[in-house]
Amino acid sequence: MKTKFIFITGGVVSSIGKGLAAASLGALLEARGLRVTLQKLDPYINVDPGTMSPFQHGEVFVTDDGAETDLDLGHYERFTNARLSKKSNFTTGQVYFSVIDKERRGDYLGGTVQVIPHITDEMKCKIIENAKGADVAIVEVGGTVGDIESLPFLEAIRQFRFDRGAGNTLYVHVTLVPYIRTAGELKTKPTQHSVMELRKIGIQPDILLCRSEREIPQEMKNKIALFCNVDVKDVIPVVDSEHIYYVPLALSKERLDERVVEKLNIWTKAPDLTPWQDVVETVCHPGHGEVRIAIVGKYVNLTESYKSLSEALTHGGIANDCRVSLKYIDSEKIERDGIDGHLVDMDAVLVPGGFGERGTEGKVMAIEYARLHKIPFFGICLGMQMAVVEYARNVCHIDDACSSEFKKGCGNPVIHLMEEQKSVSKKGGTMRLGGYPCSLEKGTLAHVAYNAQEISERHRHRYEFNNAYREVLTKNGLILSGIYRDKDLVEVVEIADHPWFLGCQFHPEFKSKPLAPHPLFKSFVRAALIQRDAR
């Protein structure tokens, strides 16, 4: 089948849910037996989000092939079976970089390089390249219609219909129908104006996804259809859901996937949404109640920084038929106030990744508390490194143990810069990134959780466990349960005399899905349940 293209745009406000809409539509089309791929186009000039502050951008999602990408790719992978790559996310910066490189090589034969056709053609090439082998390619255009930055992207997707025809392209516009409390009314004017902006560019949306906090009455759908020039059946309300995993079911109930395959002339089987119904049932009505897990981090004021992590913990709850309640604790606050009171009612503690010295001593204090009070502990990336620092200081009595990331003249750097990173000067795209194999020691907590000896997980870091301290740490009870054999790097550490204590250098959250929870999160949440019931 010739690949069909679905372009998803957003209007009125940012963060309107285009990524979730794209991911949910992908899940529905997969349920109909179609091969789906997804792609995110970002209008910013950065080459990728790898060097952007978590407070500005939120989480950086890492693919298996080592791309640092937008967090929406996390939604795509969690909701679908698509294996995404570097091709699945591109930015204005990447496009201009590529076009300028071609111009310097003389590829344009002395022509004047312009936004149209050169920039837009480059964008179209990247979209087509990513779509190879798929029945349907869902392409989300970042930003909001009306932004200057988005114009070249919108022009590129406009040309797709000219190039490929109406039967092979579809425009879905996500918009807002706000409720004005003082007037007691829903308002359609923002949606009308957003569609007007799209039509000025030359794009007539085929389907409108109308976000609202309340049900949209039929007469209002009729009004939107009339003023926006779409069939009333294609005005699809998307009322705020209790949980994001209900969105595919809500969109199916409104027959979004039915309208999409009809407009694209695709014959498919009826969708089987039983797995999604089971997920929603567990999330909304868990059989084993609730566990409370503390996330002790440094970016807690913007929880989007830990998006994949919070979702992976939810998946662990789904696997154990319980709800996971998260308490975000600022590690700097622990440094200022002390640990007392912060973790006393928690069933488990997780210390996530991060960069820089700020807040790290608070993380060490939280780890020591979890170790001494036998509370299940999970350390990821920097969290694993701080667990090694804590163990070296308080169990091995290496008082000045630290990471060379924070103290260059550190007397005992139990965590140090990786050898291949010592000659690196540029920040962007130069970390240890993507999937690497790891061998697990038989009988360890990690081995039991995975039920496998060989695994592969995704990484994003420059610093690693210092092998010079292997002997003293293992002699004092630290278990090195996961090793990257090619370079003899320690990837997983554990403690034996503890209910559940594990640190990993990789990011397991990037591979967890609601329909396939990650083994470590399943095991960790199970330990939290046991801890809760033992209290």
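Cβ from N, Cα, C; glycine included.
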Listed alongside LEU382, GLY383, MET384, GLN385, GLU405, ARG462 for L-glutamine in Swiss-Prot, from GLY354, GLY429, GLY435, is GLY354
Listed alongside SER15, ILE16, GLY17, LYS18, GLY19, LEU20 for ATP in Swiss-Prot, from ASP72, ASP101, ASP107, ASP121, is ASP72
Smallest number of other CB atoms within 10 Å: among the recorded positions ASP72, GLU140, GLU405, GLU509, that is GLU405
Rounding to whole Å, the Cα atoms of GLY17 (ATP binding site) and GLU405 (L-glutamine binding site) are apart by 37
Whole-Å Cα distance, LEU20 (ATP binding site) to GLU140 (Mg(2+) binding site), is 10
DSSP says GLU140 (Mg(2+) binding site), in three-state terms, is strand
Same-chain shell around L-glutamine excluding GLY354, LEU382, GLY383, MET384, GLN385, GLU405, ARG462, C-beta within 8 angstroms of the CB centroid, reads GLY353, PHE355, CYS381, MET386, SER403, ILE415, HIS461, TYR463
In chain order, residues whose C-beta lies under 8 angstroms from the C-beta of LYS223 (UTP binding site), counting only those at least six residues away in the same chain, are THR188
The predicted model's mean pLDDT over the domain 'Glutamine amidotransferase type-1' (292-534) is 94
